[in-house]
Amino acid sequence: MNGSVGIVETKKVTFPEITLECGEKISPVTVAYETYGELNERGDNAILILHALTGDAHVAGKHRPEDKVAGWWDPMVGQGRPFDTSKYFIVCSNVLGGCYGTTGPSSINPATGKPWGMSFPIITIRDMVNLQYMLVRHLGITKILAAVGGSMGGMQALEWAYMYPEMLKSVVAIATSARLSPFGIAFNAVGREAIMTDPEWRGGDYYGFEGPKKGLALARMIGIITYKSDISWQYRFGRTHTYETDQELFSHTSRFEIENYLYYQGDKLVKRFDANTYLYLLKAMDLHDISRGRGRYREILKELKTPLLAIGIDTDFLYPTYQQKEIVEALREAKKEAYYWELSSPHGHDAFLIEFSKMAPILSNFLEYVAGRRATINF
């Protein structure tokens, strides 16, 4: 795909305060964000891209020419790409509680002059959306053409549809659910335990110290297993071993290549992510249930008003396709406009961050339809 957005910068804006669902307030609150393309005079050509657990606002382009890696969805954003910057104004912000510029547990608490740590209030997906709404209004956006997200980003997109339907023309929810399953909560619990039982976690007050590197690495290793599929592991690693002699083989320190990969991914996250943020975002995902405090689950799904495209992945065992299908089925029962497309991929849950060429025509088609540039959807 052509049309890279080139060199970009992360911006920040600070608001006086935000009131959280738990009743506490954060004052002030800063949000880090990036934009691509231009907002039109009516302010109605915006698309909101919402990131997953360890993501950030850097969706596309590079911050410096020498950067080796572009944004996490770079092939999807730019002229001639699904999120076409010649047509749309693309916005992505780091979520509340994050560690990439938005206020979170690693930020300084102005009341103490020290990092918040575990004194940071519990946050929810709904709190994230409320902060995004504040940013959207600050940017002069009057209408969001689509709220688009995968995994935790999809949770935010669905909450946007319930909380601010008057601002939203459509939702694209990818590899996600309207409420986190017990299966997902279980894996999150093990990830939390890995961090919190690391002595270097220090009750969350580890800033200025080594920090729970082993715990966070282990939590990431657990997560990575859920993001892939048996097929992808077989194809990429099989039973390839790293031993060179029989003596090495019959040793507890010898490893299969799949083990080396997991250790690599764990160490990689430790270098770029805050352990407390990981804990807070896992808790926000656990609390995610679009019907919580609102009514019966299926009836609340039926209340969603905006056209919706749900994308499932056939090898995703963390968010199986029934979880996306049930959203579409409920909306169709209520005579709402809802579409389902299934991505066939060996890559499991992570496929939405890999299978760009397969997803591109589907997203382009839907966005063109929502924008009124085509009369029908063809997929």
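Each residue, glycine too, has its Cβ placed from N, Cα and C.
Per TrEMBL, the feature domain 'AB hydrolase-1' maps to 45-353. Summed and averaged per residue, pLDDT over the domain 'AB hydrolase-1' (45-353) gives 97.
Cβ neighbour count for S151 (active site, nucleophile): 27 (other Cβ atoms within 10 Å of its Cβ, all protein chains included). In the three-state DSSP classification, S151 (active site, nucleophile) falls within coil. Residues or ranges marked as active site, nucleophile in TrEMBL: S151.
In the three-state DSSP scheme, D350 (substrate binding site) falls into the helix class. The substrate binding site feature in TrEMBL is assigned to R220, D350.
What TrEMBL records for D316 (among others) is active site. Every protein chain considered, the tally of other Cβ atoms within 10 Å of the Cβ of D316 (active site) stands at 28.
What TrEMBL records for H349 (among others) is active site. Neighbour list (H349 (active site), Cβ cut-off 8 Å, at least 6 residues apart, same chain): S151, A175, T226, Y227, K228, I313, D316, F317, L318, Y319.
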Per DSSP, three-state class assigned to D316 (active site): coil
Nonlocal residues around D350 (substrate binding site), in sequence order (Cβ under 8 Å, 6 or more apart): Y227, K228
Spatial neighbours of R220 (substrate binding site) that are distant in sequence (at least 6 apart) but have CB under 8 A: T54, G191, Q265, G266, K268, L269, V270
